[in-house]
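As recorded in TrEMBL:
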COMPBIAS  211-225  compositional bias 'Polar residues'
COMPBIAS  245-262  compositional bias 'Polar residues'
DOMAIN    1-196  domain 'MARVEL'
REGION    201-262  region 'Disordered'
TRANSMEM  75-97  transmembrane segment
TRANSMEM  109-130  transmembrane segment
TRANSMEM  174-192  transmembrane segment
Amino acid sequence: GQLFAIFAFATCGGYSGGLRLSVDCANKSESDLNIDIAFAYPFRLHQVNFDAPTCEGKRREKLSLIGDFSSSAEFFVTIAVFAFLYSLAATVVYIFFQNKYRENNRGPLIDFIVTVVFSFLWLVSSSAWAKGLSDVKIATDPDEVLLLMSACKQQSNKCLPVRSPVMSSLNTSVVFGFLNFILWAGNIWFVFKETGWHSSGQRHPPDTMEKQPSSYNQGGYNQDSYGPAGGYNQPGSYGQVGEYGQSQSYGQSGPTSFANQI
């Protein structure tokens, strides 16, 4: 995640490019065959100025590109930077503060919420930057920029694109943006498993299964406790036998004493 975030903001935030145009006036001395226009992140193109010949004497006109696409570009880079910093901090916490992380389930819950938020932000920022990049390509298209020049509106002058800007790194930044979205969205499930919600849902069935044997054992203990009680009753019956034995002995002693009296 950290690596993809680095690639995302590096390929976009570190971009600089340019285009070159050629204006060949009917009067060759007024021509300019190398008009270089440079632009870079954050793509405030309306602030990019350049000079172009008018093909009307030596007079030149000041022009600028059209459009401001800084909002989508800066939003994308900002999300990438914060995602990288959070991933770095989370890694440190996982490694060195595992006990604090799991204390009261606060760490996993915060991690889960932040992961969901970053997944959403990656989707929004990548989509916005994809649209912004499409507009940047149109605004820096040499054929479109040539239409801004007054000299190119006269057929006697020849206006040609010499070099188009290279957008490969910006295309890569959009790809990494959506890859980050997939990565963070896929990580939601794994972070959810660390939260108390998943754990409590998994622990209910084992608890009920454990309670059944425990109640059965309690029943067993009751039977065992009942057993000794029965054992105590047996001495009681033995006592009755003893009394019966005493009565027998009393019966025997009766006739004996009577015989002695005779």
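Keep in mind that glycine also has a Cβ here, set from the backbone N, Cα and C atoms.
Sequence-distant contacts of the transmembrane segment (75-97) (same chain, six or more residues past either end, CB-CB distance under 8 Å): 1-2, 5-6, 8-9, 12-13, 41-42, 107, 111, 114, 118, 121-122, 125-126, 128-129, 132, 173, 177, 180, 184. Packing against the transmembrane segment (174-192) from elsewhere in the chain are residues 1, 4-5, 7-8, 11, 76, 80, 83, 108, 111-112, 115-116, 118-119, 122-123, 125-126, 129-130, 133, 198: each is 6 or more residues past its ends and has a CB under 8 Å from a CB in it.
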